[in-house]
Amino acid sequence: MKYLPKKLSSANIFTLFPNKFLANFIITVSTLLSLSVIFLWYIESEKALTLLTGTATMKFNTALVFLFAGVNLFIINKKKPVLNSIYNTLSFLIILIGLLTLVEYTNFSYFEIDNYFIKDVFSETNPGRMSPATAICSVLLGVGFLGSKSKNMVFLRFSQNTALVVFIISLTALIAYILIIPTENKIYIFKTMSLQTAILFFGISLDLILKRKISLFHKLFSSRYLGSEIFKRTLPLIIIFPVVIANLLLLGISENWISIDFSILLFTVIMIPLGLLYISRIAMKLNNTEKNRHRLENNLVQQNKKLKSYEQALNKTAIFSITDINGNMMYANNSFCEISNFSKEELIGNSHPYLNARYQENNLFKKIWNTINSGEIWKGEIKNKSKKGKVYTVNTTIIPVKDANGTIKEFIEINNSLVYNAEKN
């Protein structure tokens, strides 16, 4: 069974993320935090601009990017033209802020955006300027927003990868903070990216990735198939365990408890058995699930065999047919064909033969339809006429068959106690 629709278009590329609470949480945090940072820059509160003492601050322009991104996330699924115009404008502004910042790093800029809105009096190096990593993420994020509503399939597919790149960059910055890597030891593009900036880029990019129906992560997180369950259960082993162990080992190195060489050895020695134990637990759970599935399949096979036996017995002892809700024949057994003198080809898809009989009491069919359409079983005698003109009477039971929602889908008719009459047409 394929998860994706057969036709891919910008209309179905996005769907609401299954966990609306998380999506709304990201929107709320992005908007409120960016507004708070903008306010703190106006009142010049340096301490409040950092989450960790001695780390980089979120720049004013970065806060603007997150404010625009928060608004875009809120209106991304809206259909009103005015909101689409706002969405596109904010997307272009996000790209513009990032591009102008990157141009300034080349020293060829004739327009300084770093301190255009407010002057940075705290930073000694490149005051007011967002980090190169932040500027790159801003450009990619804006492209991702624009591409999400584009009708150009090439641009649409290209934009699907931009959020993934933002996710990787922000995850790298986050892990650097978690591992307490000193600023001077980070590569140049990450040195002035603040912790809150990395967190927000991580959350926004993750939200965009999970919103896309065709994204790998959306399929894995939203599906309940076995592969998705394995993926979700192995995430702690892939993400959490290595980060925690590496953090502890780096702490040991910084305190001179262990050497770098021995820390690499310890990391390998710890991760191999830990991975084996964790995977083993998942494998055992999957084995138990598989055993239960096989047991249910065997039970289903046995039940189907019983039903097949019942069907064979019914076909041999009764005149049996199935009609749809309009009274058209869907199935007739051999006994029905023999007594009516109609072939299955003549019966299937046509109205029931007794509907054309002229031997019923007035309003009988109306009573039958009223009863079975109300979901009740009808029992009684019906006179039928065969293809050869013979009239016969049968004791009939008509049973409505309902689906899981209680809607009638078809009718099963069982006839017996056959009596021929001498009348002919």
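Note that Cβ sites are derived from N, Cα and C of the backbone, with glycine treated the same way.
Curation plays no part in TrEMBL annotations; they are all automatic predictions.
Listed features, source TrEMBL:
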COILED    279-313  coiled coil
DOMAIN    322-351  domain 'PAS'
TRANSMEM  21-43  transmembrane segment
TRANSMEM  49-75  transmembrane segment
TRANSMEM  87-110  transmembrane segment
TRANSMEM  130-148  transmembrane segment
TRANSMEM  160-181  transmembrane segment
TRANSMEM  187-210  transmembrane segment
TRANSMEM  230-251  transmembrane segment
TRANSMEM  257-279  transmembrane segment
Would you say the transmembrane segment (21-43) and the transmembrane segment (87-110) are in contact under the rule of three or more C-beta pairs closer than 8 Å, pairs 6 or more apart in sequence? no
Top stretch by Cβ pairs under 8 Å to the transmembrane segment (257-279) (candidates 21-43, 130-148, 187-210, 230-251) is 230-251
Note: vs the transmembrane segment (187-210), the recorded stretch with the largest number of Cβ pairs under 8 Å from 21-43, 130-148, 230-251 is 130-148
When pLDDT is averaged across the coiled coil (279-313), the result is 83
With the cut-off at Cβ under 8 Å and a gap of six or more residues from its ends, the chain residues touching the domain 'PAS' (322-351) are 314-316, 373, 384, 386-388, 390, 392, 408-413, 415, 418
Helix, strand and coil residue totals from DSSP for the domain 'PAS' (322-351) stand at 11 helix, 10 strand, 9 coil
